[in-house]
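Below is one structure, written out as structure tokens, with a few remarks after it.
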Amino acid sequence: MGMRPTARMPKLTRRSRVLILIALGVIALLLAGPRLIDAYVDWLWFGELGYLSVFTTVLVTRFLVFLVAGVLVGGIVFAGLALAYRTRPVFVPNNDNDPVARYRTVVLARLRLFGIGIPAAIGLLAGIVAQSYWVRIQLFLHGGDFGITDPQFGKDLGFYAFELPFYRLLLSYLFVAIFLAFVANVVSHYLFGGIRLTGRSGALSRSARIQLVSLVGVLVLLKTVAYWLNRYELLSHTRGGKPFTGAGYTDINAVLPAKLILMAIAVICAAAVFSAIVLRDLRIPAIGLVLLLLSSLIVGAAWPMIVEQISVKPNAAQKESEYISRSITATRQAYGLTSNVVTYRNYTGDGEATAQQVAADRATTSNIRLLDPTIVSPAFTQFQQGKNFYYFPDQLSIDRYFDRNNNLRDYVVAARELNPDRLIDNQRDWINRHTVYTHGNGFIASPANTVRGIANDPNQNGGYPEFLVNVVGANGTVVSDGPAPLDQPRIYYGPVISNTPADYAIVGKTGADREYDYETSADTKNYTYTGSGGVSVGSWISRTVFAAKFAERNFLFSNVIGSNSKILFNRDPAQRVEAVAPWLTTDSAVYPAIVNKRMVWILDGYTTLDNYPYSQLTSLSSATADSNEVAFNRLLPDKQVSYIRNSVKATVDAYDGTVTLYQQDEQDPVLKAWMQVFPGTVKPKGDISPELAAHLRYPEDLFKVQRMLLAKYHVNDPVTFFSTSDFWDVPLDPNPTASSYQPPYYIVAKNIAKNDNSASYQLISAMNRFKRDYLAAYISASSDPATYGKITVLTIPGQVNGPKLANNAITTDPAVSQDLGVIGRDNQNRIRWGNLLTLPVGQGGLLYVEPVYASPGASDAASSYPRLIRVAMMYNDKIGYGPTVRDALNGLFGPGAGDAATGIQPTEGGAPANVPPNNAPSPEALPGTPPSPPTAVPPAPEASVTLSPARAAAMKEIQSAIGAARDAQKKGDFAAYGAALQRLDDAITKFNNTQ
């Protein structure tokens, strides 16, 4: 029976078609409208920032990739459909029970819809997925050579970095396209009678056989190419159980030959498949495909497994030795740990040191860091917040400046930003939120090696940081008492101000000044932004676009927006850098600095690869996790890398948002490729000014990745490497409140890189022995401009206490625990241990330093402001302890050891300099007493003041309690010492409560 006439499908009425078109238009508008608005806003934003070429390059690249991939995949699928339809049988046997007939009728009635719509939809999806690989394609087009060849095939590493990923992507798309074309061809031939299934048998038309066999043959040929590319990918893969990344003995001697054999078999199978075009016998291609499958199981899987079990495992250390050496060399190259960067020196770690030797280490002992940036933020807030809407981040930053005596010092630094979440009541309405409270004010720095005075001193501010402030003062001029002069302390861009949704500010002259700036004793002074940053919202078109962008009608109706108005948005420094350099991975830390009298945010950018031959594959998230990152939820994305370079230093101006990218690594081939993709966006390294270079620091995340790798890859001998016997461990943070690895610390200390006593700014970390708590090494990375990036590793041979053992020894020392027990008695104060620093001192010795803080109450309440109360130290199992660095050093090494320390002395009389602002109440004085009791608590009244009998009696009791405390201390009687302290507390309370 011939094919029956095609039944006509019912037609839609004109009204129905119009309604459908309207509905489709609305859906398209809802889907595409926000994206079009976002694209237009991005175009404005990139243009204002001076990086419009980045926006257009990415957009054009993605569009072209989308177009090419969509046309390629959709075109191949369309060809499969079209060929099947055009070569369909003229007559198709049919009967009333044929289940295909109804589908055939539907397809024929909507032939264009199915014939064009299906390939178009597949092409659309393929294009959408493909455009996300624009990075891979740009690197293929612009990548160059590394100048290093792989040890197996002798190919330049640029092939693996830039070419191989593209070839793999192209092969994957061709494979998917041919497979989908095969499926489409099979379905079409089945619908139109080219394939007929009757009972247990079937029939193929000549056209169906030729087309399907050809497509299968092409798939087999693509598999042949895949086997060829798989050979190169062996060099960056990890076989289960190997202690290194890359091809091992089994891979080179079994898997690699197997790939070549399978490739040859695949070529033979492809020929067998294509033979069916002429021979008309499908058994031959079927046999070929079965042969390919069996070969892949036997040759590709079983044979390597046999070699692994019989030949390799019994002699693994010797068999893998050559390939471990390859991995050691490649990993050091890929992570910047080669001999021209890393210097190893033997260091005893337990050398004896005299007081004179310790005092001679002036660069170290005068810069011992007492302020822990993860603890002192509440003190910054208490003393320097000023207004409820100003705020400091929970973790502050460390930077260095030269003090007035031209000595290099490290400082805890912070920008006093505006935090929109802390606005209250009518401060939160749209006009105030976005046009009045627009910016922060001030750069705050505290010398990290000192505090205001001893916490138990008569003044109420002992133990708190000394604050050096650059801020807009009460008369509108800039008060520049900070560590460096600053012309503009207003902050419009920063991580805190952008930490809320819709972080935009509308600025510009539209009449009277609107932006809150500062207050005098009489009134509030406002300000108008004059910077170059911001996108104009003066026109009605712009106002409409941003009203849609932020879903805010006030853009259209508010009279505070005028022709000169601009909008500042995307104000997070890291996000701004990531937007203009989408190829960078940014460091989790961003810190403020004063450079050329401007406040800028500085952050580090990395270029990475994940297929560097033989280099260890590393998870950035795992490698950079430490107790700080976990506590503040700042973990990097879980990205796998086998190559990393700190290729870019970026700055973001805190006032106008200007983003500047500087080339840091002039040899990085990946950066060179991106500089060709986006010419002019990255400035050469020579453009880094000396003022900026003085504030660049070795990046923390890179250092953490490198120290984790140095734990293994410091080993030179491959047999020792295989045994893991000489591996190291990153120590856990010994602080009882921590839950991860000990973070590295920025310090100023004697120059490890130059091995002299000059002061150097460096990033340091201790390393433990493998699965033990004894020290194995001490790592220091220099941040000084002259030796920037040089890593020095002091290897420690003996059993020297690691951070955990040192912390245990300090916290369980009887004198320490007794004293802190008195201070924290009855939950009056919460004791907090600061960062445990490991410092080389003397001739081969290591000094552990741990500051001790206390805050009122038993918990971290909002009103609890930690202050430094003690300094604890350990050196060669001996403990030093006191209210100051000088006291602890003298107690540990003898008189004179602390002569070079930056001392803090009890302040005579009242409050010290830099008293807290008027609106900040002074915290309560700590009830505890240092080992050397204060000379007067509270301050003695002036001679002209006559005390009442009750106060005179209280003062007499105070003096008596102090004397008793001194006597108890000399005798070592801690019970009497505690009782004397309680008497002192009671006497002070009585003195304060009487008239």
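These residue numbers are counts, starting from 1, taken along the chain as shown.
Cβ coordinates are placed from backbone N, Cα and C, and glycine is handled just like the others.
According to Swiss-Prot, the feature transmembrane segment maps to 18-38, 63-83, 113-133, 175-195, 210-230, 259-279, 287-307. Per Swiss-Prot, the feature region 'Disordered' maps to 900-947. As annotated by Swiss-Prot, compositional bias 'Pro residues' applies to 928-941.
If you look at the transmembrane segment (63-83), the same-chain residues 6 or more away from its ends with a CB under 8 A from one of its CBs are 114-116, 118-120, 122-124, 126-131, 133-134, 137, 173, 176-178, 180-182, 184-185, 188, 207, 211, 215.
Sequence-remote contacts of a segment are chain residues at least 6 beyond its ends whose Cβ falls under 8 Å from one of its Cβ atoms, and for the transmembrane segment (259-279) they are 209-210, 213-214, 216-217, 220-221, 223-224, 227-228, 230-231, 234, 285, 287-289, 291-292, 295-296, 299-300. Outside the transmembrane segment (210-230), and at least 6 residues removed from its termini, the chain residues within Cβ reach (under 8 Å) are 80, 83-84, 87, 164, 167-168, 171, 174-175, 178-179, 181-182, 185-186, 189, 204, 259-260, 262-263, 266-267, 269-270, 273-274, 276-277, 282, 285, 288-289, 292. Cβ atoms under 8 Å from those of the transmembrane segment (287-307) belong to residues 216, 220, 223, 249-251, 253-255, 258-259, 261-262, 265-266, 268-273 of the same chain, restricted to positions at least 6 beyond its ends.
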